[in-house]
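Colleague: As annotated in Swiss-Prot:
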COILED    46-632  coiled coil
MOD_RES   61  N6-acetyllysine
REGION    301-340  region 'Important for interaction with IK'
REGION    380-532  region 'Necessary for interaction with NEK2'
REGION    439-480  region 'Important for interaction with IK'
MOD_RES   716  phosphothreonine
C-alpha cells in the first residue's frame, strides 16, 4: 500500500510539472522578445533546468520504485519456487522412504516365499520317496499274490485229481450202498463247507475291496501328515476285522483233517480193490440194486452240475482277482496279505516315531543354539561396553595427565620464583646440582617413556588384535544367525560349532581379563609418569627456544660429564700404574696435579649441604603456605575441604553440630566444573535445601551459603 501511494504522488508531480512547463512555454510565446530582459531569460533558464533536474529525479525515483517492485515480485516468486521445491523434495523423500519400506517388505515376503518353496520342495521329495516305497511294497505284494495264485492252481489240480479218485470210488462203491450213502453225506458236508468257504471268500473279497479303497484313500492323502492318523485308525479297524478273519481261518485245520480222513479212506478203497474178487460174487446181488444206483447216478449228475456251477463261481472269482490286481485266491493268501499290511503299518509307525523323535531332538538343539547365540551376543555387548568404559577411562587419565602437567608447571614456576630470589653466587652450584638431577631424571624419564611407549604399542597391538577378534566374533555371530535361520528350516545345525564358539568365548574372556590387568598396569604407569612430569607428545607440543638456558646448561653438563669421564679414566690408569709399581706417565701426573684439593672438596660439600638446607626450608615454607591457605579458605568460606578419594571432596562446616556431619561431592567432569552431591547421613537432614538450591536452581554456592546460615542460626538459638 505504501508503494502505491508513492507511485500516485510521483504521477501527480509529473503532471503538475508538465502543466507548468506548457504554461511557461505558452506565456513565453505570447511575450515580446524585445521587451524581455536578459536577466529574466537566465532566471527562466535556471528554473527550467531545476525543473528538468526535479523531473529526472522523480523519474529515477519512479524507476527505482518499479525496480523494487520487480525485485519484490522476483523474491516472492523465488520464495514460492523454494517452497514448492521443498515440498516436492519432502514428497519425493517420503515417496522414496515408502518405496524403500515397500522394497524391504517385498524382500521379506520373497524370502518367506523362498523358504516356503524350499519347505514345499522338501515335503514333495519326502512324499515322492514315500510313494516310491509304497510302489515297491505294492510290487512285492503283487509278486506274493502271483505266488499264491500258483499255489491255488496247484490246489485246483489236486481237486481235479480228487474228483477222478471220487469217480473211481463211485464205480467201486456201486455195490456198497451204505458206504456210498456215507460218502454222499460226507460229500454234502464238503459241499456245505465249500459253500461256507465261498461265502468267506466273498466276504474276504469285500474286505479286500474295502482295503483297496482304504489304500487308495491313503495314497491320495499321504501328502498330508494329519490325515495319516485317521488312516491309522482305519487300519486299526481293519486289523480288528483281520483278527476276526484269523479266528475264522482257524477252522482250516479241521478241513485238512477231513482231507486226511478222505486220503485214508482212498487207501482203504485201494485195499478194497484187492477184495474185488470177493465183491464180484456179490455182483448179482448188486445188479438188483442197479436201479437204485441209477437213481443215485441222477443225483450224482445233479451234483456234477452243482460242481460246474461252483467252478464257474471260482472262475468269476479269479477274474475279479485279476481285475482287482490282488492275487488272493485262498484264505491263507488273505491272511498273509493282512499280515503284510500290519507289518507295513508297524513300519510306518516306527518311521513316524523316529521322525518325531529326531524333530524333537533337532528342536532342542536349535533352542540350545539360540540360547548360546543370545549368550554370545550378550558377551559381545558386555565386551563393547567394557571397551567404551576403558576408552572413557583413558580419556579421563589423559585429562588428569594434563592437569598434573599444569600443576607441575605451577610448581616449577614457584620453584623458579624461589630460585630467582637467591643470589647469583648461591644460584650457580644449586643450578648445577639441580641440572644434574634434572638430567638424571630426564634420562630416567626417557628410558621409562621408551618402556612405556613399547608397552603402549604392545597394548595397542593387543587392543587391535582384540578388536579384530571382536570383529571376527561379530562375523561369526552373523554366520551363526544365518546358520540358525537355516537350521530352523532344515534342523541340520551341529553342536561342534557351538562347542568351538564356547571355547572361543572362553579364550576371549581370558584375553579380556589379561588385557584389563595390562590396562590397569598401564594406567598406573601413566599416573607415575604424569607425577614425574611426563606428557603426551601427541597432544602437548613443546617449544624449544633458540637461546634456551636449560639447553645451554645441559650442554655444559654434558661437557663437564665428558671431562669427568676423561679424568676418571686417567685416574684409573694412574691407579693401575701405581699398583704395578711402574712409572707414572707425565700426563697422568699433570692430571693428578690438576685435581681439586681436599679444601675445594670440603667447600663443595658445604655448598651442597647449604643447598639441601635451602630446599628443606623451601619445602617447609611451601607446606606452611599451603596450611595457611587452607586455614584462610576454612575461615572465609566456613568449610574445611578434604580430598577423600579420586575426584571426591569432603566438606565439613565450621558450624557443624557433630564432627561426622559432612557433605561429599564428586567431580563428574575431568576439569571439575561439574559436581554431584553424594548421599550421606547428613544430606538426609537438609533435603529441602537440596530440593530448592541444587535441583531447582542448580547452584552449589547458594546451597552451601544457605546451609551455613541455617547451621549458624541453630547454634545461636541453642
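Here, residue 1 is simply the first one shown, and the rest follow in order.
Each Cβ is built from the backbone N, Cα and C atoms, and glycine gets one as well.
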Colleague: Any idea what the model's mean pLDDT is for the region 'Important for interaction with IK' (439-480)?
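Modeller: Reported value for the region 'Important for interaction with IK' (439-480) is a mean pLDDT of 64.
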Colleague: Whole-number Å distance between the CA of residue 61 (N6-acetyllysine) and the CA of residue 716 (phosphothreonine)?
Modeller: 81
Colleague: Please identify, from the modified residues 61, 716, the residue with the sparsest Cβ neighbourhood, meaning fewest other Cβ atoms within 10 angstroms.
Modeller: 716
Colleague: State the three-class DSSP label for the residue listed as 'phosphothreonine', counting H, G and I as helix, E and B as strand, and everything else as coil.
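Modeller: DSSP call for the residue listed as 'phosphothreonine': helix.
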